[in-house]
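Quick look at what Swiss-Prot annotates:
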BINDING   8-15, 21-22, Arg60, 87-90, Lys98, 114-115, 183-184  substrate binding site
ACT_SITE  His9  active site, tele-phosphohistidine intermediate
ACT_SITE  Glu87  active site, proton donor/acceptor
SITE      His182  site 'Transition state stabilizer'
Amino acid sequence: MAKLVLIRHGQSEWNLSNQFTGWVDVDLSEKGVEEAKAAGQKVKEAGLEFDYAFTSVLTRAIKTLHYVLEESDQLWIPETKTWRLNERHYGALQGLNKKETAEKYGDDQVHIWRRSYDVLPPLLSADDEGSAVNDRRYADLDPNIVPGGENLKVTLERVMPFWEDQIAPKLLDGKNVIIAAHGNSLRALSKYIEQISDDDIMDLEMATGEPVVYDFDEKLKVLGKEKLGK
């Protein structure tokens, strides 16, 4: 029986300042570091042992993974970083203060941008200096693949090939896996794993630094789900 642990990165500096982050590479806040270390202790206390680890190419998720693995004495396990586990790209909203954006466009519109399954945010042009096209961590990607903005539907479509090619085969082989990623890439995975509807996924919250443990049978049917609370 394989186990999968999903953990959203600890609080980031832009979580703290209430800014849209997306693909911007923001570090953990002091609280975020504490959350990640505490999550590692929870993992250790629960006796969870992993065979493989996956994370995004963004610092806040990578550091969270490393803190969790270090605290649980598993820093040595194989680790893969991929852009496919990145946070949802928030387009032209990235860097904006959420409260100020709501005051400008209205609470309802911002809620739709943040939580709707299939509504895109205002897009960021590839010519913009903040475009990920200019970031060397994506240099090997076709520029046409690099997004200028995503909704949860597009995020799921981005995540799924990696799930099917890299993660699911390991779980089917009975291996235990940990994924440290982001609120929306993990919401996308949870939607698929739990078969959550397009409407209900809007209400799913992923708390920072909280490990979520799934137990699967040999066909990847979910047998149980548990949150290792703070």
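Each residue, glycine too, has its Cβ placed from N, Cα and C.
Swiss-Prot feature annotations superimposed on the structure.
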residue	record	Cβ contacts under 8 Å, 6 or more apart
Arg8	substrate binding site	Thr64, Ala180, Ala181, His182, Gly183, Leu186, Met206, Ala207, Thr208, Gly209, Glu210
His9	active site, tele-phosphohistidine intermediate	Leu28, Gly32, Ala36, Leu58, Arg60, Ala61, Lys63, Thr64, Ala180, Ala181, His182, Thr208, Gly209
Gln11	substrate binding site	Leu28, Ser29, Lys31, Gly32, Glu35, Thr208, Gly209
Trp14	substrate binding site	Phe20, Thr21, Val24, Val26
Gly22	substrate binding site	Glu87, Arg88, His89, Tyr90, Gly91, Leu93, Gln94
Lys98	substrate binding site	Asn18, Gln19, Phe20, Val110, Arg114
Reduced DSSP state (H/G/I helix, E/B strand, rest coil) at the residue listed as 'active site, proton donor/acceptor' is coil
Within 10 Å, the Cβ with the most other Cβ atoms among the recorded positions Glu87, Gly183 is that of Glu87
